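Listed in TrEMBL:
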COMPBIAS  1-20  compositional bias 'Low complexity'
REGION    1-31  region 'Disordered'
REPEAT    137-167  repeat 'PPR'
REPEAT    168-202  repeat 'PPR'
REPEAT    238-268  repeat 'PPR'
REPEAT    269-303  repeat 'PPR'
Amino acid sequence: MAVASAPSLALPTPPRSTANPPRPPRRAPRDVVSWTSAIARAARQGDLPAAAAALSAMLSSPAAPAPNDITLLTVLSACADSPSSPLARPLALSLHGLALKRFPCHLLLSTCLARFYLASRLPRLALQLFDSMPVRSVVTYNTMISGLMRNGLVDAAFEAFDGLPEPDKVSWTALIGGCVKNGRHDEAIDCFRAMLLDGVDPDYVTLIADISACAEVGALGLGMWVHRLVVRQALERNVRVANSLIDMYARCGQAELAAQVFGSMRKRTVVSWNSMIVGLAANGRCTDAIELFEEMRRQGFKPDVVTLTGVLTACSHAGLTDQGLRYYDLMTTEHGVASRMEHYGCVVDLLGRAGRLDEAMRVVETMPMQPNEVVLGALLAGCRMHGDLGMAEQLMQHLLELDPGGDANYVLLSNIYAAVGKWDGAGKVRSLMKARGLKKRPGYSALEVDGDVHEFVSGDRSHPQAEEIGQMLGLLRHEMTATARYAYDEHEGSCFVGD
């Protein structure tokens, strides 16, 4: 069957004009706004090379206008957002020279340059620039405080903060959050109190940082006071705040209060479930942790790395070896979670506590990565629990290579020798510690009084009330000894002296 072709449509030829044809309109040269828009478009897409190429074309084109401050700010912001790019550092350094030449005292450009240097782990350059600025805004100070904290320069961040005439909410939050991230939790709490005394109301970010600091130092009283502040500001429905409260209560030993916060949440995330499961396991409520894990699965939440670590820890502490191994097997097959170092540590601890030391050793030997001191330390603890001196000596050789300065492993091996009556072995370990300049790190006790946490180490007299505390302890010791001395032994009909 023949297919008819469509008739061709020929466009009519326009009549020729006897007049000269009009010239096409000359394109107007691109202005600085047009060039900057093209650069900004590439920067918004995260394409730093394209943004740099557009800037280079602007600078090299004779017809192009000179870049203005907005142009330079756009490119510098792109550099700060991509500090790991190999192009970011040389580009920003060249722009720094251009900015000094064209805009020597530009506040926004200087602040943006400082932000780039801080994001690129060049805090000394940021400090030099900051010190040379004749004018600084609160944004400049806040940029320096948060950036210096991210670089671990806490004291320099405090100096920048002290130079701020009127710190705002962002300033205080950057200071408090930076202290928490750098392990300066007591200072974070002190800053939070100073913020309140300064009349600045904290937002939810500030409260999360302070709750985290309370969790780290065990300041339950202050944490409960912050919880009341959360309720007063109607932030209890904020999921991140609630998650922080669960973690704080659990780490302060108040699993029941953590459960109350968890139960009152209308919306929960995986982090909410993880905080509660890990908190229950850490407080010895292992059966509750496992039941909550099963409830999490029933409600359709997908367990992650932290979830499985929590439930394996619960099984280990509860002695549920077979159940823990089953969860470990389901971790990859059902939940799609790849085994990490902490999971291997949990399995080794699980088997070690159950006395299945050979199986635990096989887990260590077949790990796809080199076991760290935590995994080997868990197996060493199992050896001590079940008196396997041979395996303990074998493990100690590996531990000395991985963590030669870890005093806890030496002490543990010495205790294993002592437990089986090999005092010469215990003495050799102590001598080895002495030869390597190692000392057993003393433990400490912490006590919270009126929202302040006081730490006490054996033999430490640095506490400002050490003399009064010593006198009170002496009085208590005297009363306890007197009470024990005159306790009547009904069976013997005599008195005895207590310990």
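Note that Cβ sites are derived from N, Cα and C of the backbone, with glycine treated the same way.
Outside the repeat 'PPR' (238-268) by six or more residues, the chain places 204, 207-208, 211-212, 214-216, 218-220, 223, 227, 230, 275-276, 278-280, 282-283, 285, 301 with a CB less than 8 A from a CB of the stretch. Counting residues of the repeat 'PPR' (137-167) by DSSP class, helix then strand then coil, yields 22 helix, 0 strand, 9 coil.
If you average pLDDT over the repeat 'PPR' (168-202) in this model, you get 96.
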